[in-house]
Amino acid sequence: MKKRFISVCAIAIALLVSLTPAALAADLANGAKVFSGNCAACHMGGGNVVMANKTLKKEALEQFGMYSEDAIIYQVQHGKNAMPAFAGRLTDEQIQDVAAYVLDQAAKGWAG
């Protein structure tokens with residue numbers, strides 16, 4: 001009985017691990033699309049045309065306490081200063097996807 005339970009758990013974990021990259025890729029692809037249509041005008045290539053020091057580059061996100069999905073989601077939902085709020089314009093899923101995309105790009109240095 002114990003062996004069977006361990007086998008079932010091992011199979012379940014293997015399935016979850018194998019599915020994660022595909023799900024993440026789909027989120028990043030949607031995040032890229034949402035970013036392109038809603039964010040790129042001000043944040044092309046991870047920059048910031050309004051406030052040059054507050055970019056989406058990893059170092060700036062870390063410096064300003066924004067290097068987490070939760071922080072980016074809050075900022076996108078509520079806006080700040082010249083950045084408009086996107087809650088109501090974008091779905092929660094779109095906002096989550098764009099946050100994941102921003103973090104992914106920041107980790108890659110916005111190299112693509």
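Here the Cβ of each residue, glycine as well, is placed from N, Cα and C on the backbone.
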Same-site heme c binder from M66, M83, given that Swiss-Prot records C39, C42, H43: M83
Cβ atoms near C39 (heme c binding site) (within 10 Å, other residues, all chains): 18
Nonlocal neighbours by CB distance (under 8 Å) for C42 (heme c binding site), same chain, sequence gap 6 or more: N48, V49, V50, M83
Other same-chain residues whose Cβ falls within 8 Å of the Cβ centroid of C39, C42, H43, M83, the recorded heme c site, in sequence order: N38, A40, A41, N48, V50, L56
